[in-house]
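Copied over from TrEMBL:
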type     : residues : note
TRANSMEM : 20-38    : transmembrane segment
TRANSMEM : 50-72    : transmembrane segment
TRANSMEM : 78-99    : transmembrane segment
TRANSMEM : 104-122  : transmembrane segment
TRANSMEM : 137-157  : transmembrane segment
TRANSMEM : 169-193  : transmembrane segment
TRANSMEM : 213-238  : transmembrane segment
Amino acid sequence: MNEFFIPAYEGRPFQLFSTAHVFTLVTVIILFLLMFLFRQHLKNQLPNRLFRYSLALLLILSEISLHSWLLYAETWQITSALPLHLSSISLILSTIMLVSKSYFLFELMYFAGLGSALQAMLTPDLGMYSFPHFRYVHFYISHGGIAAACVFMVVVEEMKPTLKSLWKTFFLLNAYIIIVFGINLLLDGNYLYIMEKPSTGSILDYLGPWPWYIVPLEVVTLLTFLILYSPFALYSYFQTKST
């Protein structure tokens, strides 16, 4: 058990698309498929509330456990541990969304939360921590939970984002980036990775050096939003064409 939480992890460092990584991604996909298959059952009041509140509680506990571990490892720092990264903000907002079923929060989380969670799970910033370390397990519970919350709102609550939702999220996200940039300057932090790239491999490695990678990152973000919106746009197009 001590090895599960140990800060100075001596196991094999995380490797992108290793057996453990691929197995984790497949597990997440299977959970999404199960949610889709049982969507009608999850529409019933009791299963609906049980799922939403349980997932919200899981997200809260995952965030608390992370900060507890950082304190235990004596690595909690104001320059890196505040809940300002997109994943942390998405976790908090997804929790509120699950409890309140807010469409406004769904608009934001479908694009910013789901988009960032999927990218993070594909190219995680885990450093030396691989399965079965706590940091690995926490990472996929939190990011998988954010994605699951968004998928639940689509397949069970039948919420649909609009093109207006896309642009609203894009502009609000950029406003948030400006605020966090100021906080980074004050704290000498690197929240949202807008001051430098993460230490492990990520999509930022293909977008040029700092600060120039921020410009193509905006394009990638917008393209990601458009890809996430495309199923709804296509469904609306064919539905209109058939009537």
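Quick reminder: no glycine exception, Cβ is built from N, Cα and C everywhere.
Any TrEMBL annotation is an automated prediction that lacks curation.
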I'd like to know if the transmembrane segment (78-99) touches the transmembrane segment (20-38) in this structure, counting it as a touch only when three or more C-beta pairs sit under 8 Å and are separated by 6 or more positions.
no
Check for me, if you would, whether the transmembrane segment (137-157) reaches the transmembrane segment (104-122) - at least 3 Cβ pairs under 8 Å, residues 6 or more apart in sequence.
yes
